[in-house]
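*Asks:* Would you mind keeping the following structure in view while I ask a few things?
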Amino acid sequence: SCMKAAPMKEVSIRGQGSLAYPGLQTQGNLETLSGPNDATRGLTSLADTFEHVIEELLDEQQVIQSSKENKDADLYSSRVMLSSQVPLEPPLLFLLEEYKNYLDAANMSMRVRRHSDPARRGELSVCDSTSEWVTAAEKKTAVDMSGATVTVLEKVPVPKGQLKQYFYETKCSSKGYAKEGCRGIDKRYWNSQCRTTQSYVRALTMDNKKRVGWRFIRIDTSC
């Protein structure tokens with residue numbers, strides 16, 4: 001986010017939490033999407049169906065969340081992953097939520113949405129950011145909801161061994177306009193600064209009394 005004004009105001013912390021990966025189910029096949037003699041219409045129908053499937057997945061994810069509030073699965077966030085190796089892609093729900101936000105903002109036909117893609121128009125974000133998976137070994141400590149500093153455990157015990165905790169963090173890029181101010185802000189009238197903001201996610205931690213448990217901790221989630 002871009003903080004604009006002088007003096008600067010503190011950014012409030014937003015809470016969030018969601019399931020790690022709900023089951024994905026799709027229906028239909030290519031034959032149901034287009035006729036054998038109409039390839040052009042088939043491709044258009046396929047694109048529209050893909051958009052419809054994504055929106056259904058988002059709705060299904062919300063239902064799954066509400067039905068599993070008291071289960072262990074609710075302990076995981078879309079930005080937290082338990083894995084034996086470094087994840088190769090961003091969290092699935094993270095991508096779906098980003099796509100949903102884009103569709104809601106566009107509120108137009110699929111064809112217009114594709115042509116209005118910011119990448120096609122050469123638009124640039126106000127603040128540049130970078131996202132990557134980090135381990136508990138890199139984080140070591142974090143601040144929980146009570147303001148206490150807790151130790152982030154690197155490994156989580158599971159029935160067949162142990163898995164590592166990975167966190168998908170987003171922060172302001174050290175290059176570009178991060179130090180010079182927000183892009184597009186008139187420096188003659190405003191002081192601006194790109195700042196990394198945080199949100200809460202659930203993670204396995206240990207407090208200063210050696211008590212281990214799942215707690216909400218703050219991690220970098222946006223710029």
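Each residue, glycine too, has its Cβ placed from N, Cα and C.
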*Asks:* Going by Swiss-Prot, which one of CYS182, CYS223 is joined to CYS172 by a disulfide bond?
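*Replies:* Of the candidates CYS182, CYS223, the one Swiss-Prot pairs with CYS172 is CYS223.
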*Asks:* Relative to the Cβ position of CYS223 (disulfide bond), how many further Cβ atoms are located within 10 Å?
*Replies:* 21
